[in-house]
Amino acid sequence: MTELRFVIKLMFIERKDMYISIFFGILAGLSTVAVFADSGYLVSKAALLPPLYILTIFVALLKLFTVIRAFARYAERYYSHRATFTILSNVRTYFFNKLEPLAPSLFQRFRSGDLLARVVGDVESLQNFFLRVYYPPIVMLVVFLTTVLFTAMFSLPVAIILLLGLVITGFCIPFIFAIKQRGIQAKIRQLRTELSTDTTEFLYGFLDLKLYQKLSSKEKKLSQTSDVYIGKQEDKGKQEQLNSAVNHWFSLLTSWSVIALGAYLVSAGELDGVFLAMLVLISLTVFETAAPMTEVPGYFEDTRHAAELLSSIINEAEKQQELKSNGRLAELDGPPEIECKNVHFYFPGEARPTLTDVSLRLPSGSKTAIVGPSGSGKSTLLHLLLKLYPPSSGTIRIQGQDLAHLDEDQLWKNISPVLQGNHFFYGSVRENLRLAGDNISDDKMNEVLSYVKLDHLSVDSVVLEKGANLSGGEKQRLAIARAMLKKGSLLLLDEPTSSVDPITQQRVMNRLFTGAKDNTIVLISHNLTGLEHMDQIIVMDQGRIIESGTFQELMEMRGGYFYRMKMIENGIWGQVQ
Ligand SMILES: Nc1ncnc2c1ncn2[C@@H]1O[C@H](COP(=O)(O)OP(=O)(O)OP(=O)(O)O)[C@@H](O)[C@H]1O
């Protein structure tokens with residue numbers, strides 16, 4: 001139940017609508033019973049030919065109860081649905097706000113489809129908590145108990161039968177079916193996650209699957225999962241139908257028992273015959289309010305499970321938030337100095353460290369290149385500097401302050417990143433460059449486009465989803481333009497021009513470095529040309545720093561890793577070996 005605490009808290013924000021819908025739900029239930037009780041009494045009384053004014057009073061009451069019933073039912077539906085949708089929107093906003101700071105590491109742990117299933121499916125499941133779990137039992141209990149008390153005024157044995165019927169149909173039968181449904185619901189949830197994950201991957205990898213002619217086998221697997229999912233849904237539907245049928249059967253049995261007992265009591269002179277039809281009609285009607293109880297356990301289990309999954313994510317977000325608010329929020333002034341001390345890093349679930357004992361110092365305004373073989377941990381180190389992941393041990397300090405205590409927004413405001421996978425949105429070049437700042441003029445954008453040799457594009461040029469109409473090199477240059485416009489005092493560049501031809505690359509990089517001459521720059525590159533101008537070069541291999549120094553110093557270490565790489569690049573390795 002503790003997992004539902006955050007749902008209940010969010011639900012009570014809409015307490016006014018909740019109370020109104022509960023009030024009208026009870027009024028609708030009671031007036032329905034009243035309509036039938038009145039009709040039963042009226043029919044019996046009319047047979048005894050009473051004075052006309054008595055009949056008129058009961059006919060008028062009947063009309064009144066009918067109008068109240070219609071109005072209350074409408075109001076109940078209106079307010080309960082309004083409350084439900086507002087609660088759902090509160091849950092969505094709340095969950096998104098919690099999720100946002102966790103985004104990078106979250107994608108690490110959950111496949112995107114799984115995450116999608118959680119966000120969409122689980123959040124959506126919570127809408128049933130108020131509508132189908134919380135308020136139907138309250139309404140049913142109040143209506144039923146009031147009816148039982150009313151019935152007891154005429155006949156205690158009949159009231160006891162009704163109470164028994166309530167316990168069986170309202171609690172026992174739903175509980176038994178809930179136990180039976182548990183397994184099916186767990187399977188449905190698992191299949192829903194699987195289906196959503198596989199569908200996302202199928203769509204992302206569509207082209208590769210087609211080119212490698214694996215589309216049909218993947219499609220077959222997807223449709224198999226889908227068939228099993230549909231099958232389980234059918235099983236669930238059948239169980240629900242059976243539950244409802246058994247419930248109906250018991251409510252009819254209760255009504256038959258009321259007739260039989262009522263007839264006996266009348267013949268024994270313990271009940272006035274004029275009330276018999278009223279009691280029978282009451283028993284037939286009151287079970288209508290118990291009908292939604294058949295759904296309560298199923299929806300309760302579903303929402304409890306969804307809340308459990310979501311709260312595991314929320315708890316983690318809160319832990320991180322706590323960590324953050326314990327620390328100071330720094331104002332980063334000017335090009336920052338960065339220091340890493342004995343940094344170790346493991347990706348979640350990985351036994352092998354990706355970074356081992358990394359220590360380095362990047363003075364304010366310095367230009368540092370990180371080189372090394374593929375998979376040596378260069379990008380991971382950059383991601384740690386961006387605070388996308390926390391180090392497993394060791395510290396990273398920016399301007400002397402522990403990165404763990406820095407506010408991300410404050411940090412990112414000062415960083416111009418060009419990462420390996422830059423995203424481009426469907427829209428114009430202008431809209432994509434606006435990511436760097438809202439008030440950048442078209443002239444400024446055009447100027448920067450020409451710096452990165454994208455003169456053939458204008459700010460109005462269309463960019464398709466994920467930059468599909470741009471070449472690899474164009475995308476990289478557009479990302480550099482975005483970083484230039486952002487004017488961060490720390491530039492983190494991860495192979496920013498790996499797909500650009502050497503001549504354009506040299507021009508773009510010269511321009512980038514000239515514009516950022518006072519800023520701190522970290523550049524990851526496989527291309528060693530031009531590294532003579534860097535203040536220091538760090539060479540990484542298998543997650544460790546194996547060499548560092550200026551270009552000159554590294555070249556003097558003959559037989560060193562950097563020296564050998566440079567020789568290979570110059571095409572003379574064979575001659576010096
Ligand atoms: N999300 C991840 N989960 C687990 N391991 C990962 C993850 N991302 C990267 N790695 C592993 O971490 C190691 C370092 O990867 P990283 O991307 O930092 O290397 P890199 O030096 O930047 O490589 P490249 O030059 O090819 O870009 C690799 O062995 C890689 O397999």
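Using the three backbone atoms N, Cα and C, a Cβ is placed for every residue, glycine included.
Copied over from TrEMBL:
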TRANSMEM  18-37  transmembrane segment
DOMAIN    20-305  domain 'ABC transmembrane type-1'
TRANSMEM  52-72  transmembrane segment
TRANSMEM  133-154  transmembrane segment
TRANSMEM  160-179  transmembrane segment
TRANSMEM  246-267  transmembrane segment
DOMAIN    338-567  domain 'ABC transporter'
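Per-residue confidence over the domain 'ABC transporter' (338-567) averages 91 (mean pLDDT, predicted model). Long-range contacts of the transmembrane segment (246-267) within its own chain (CB-CB distance under 8 A, at least 6 residues past either end) are made by residues 155, 157-158, 161-162, 164-165, 168-169, 173-174, 177, 273, 276, 279-280, 283-284, 287, 290-291, 293-294. Sequence-distant contacts of the transmembrane segment (18-37) (same chain, at least 6 residues past either end, Cβ-Cβ under 8 Å): 11-12, 61-62, 65-66, 68-69, 72-73, 75-76, 79-80, 83, 130, 134-136, 138-140, 142-143, 146-147, 150, 278, 281-282, 284-286, 288-289.
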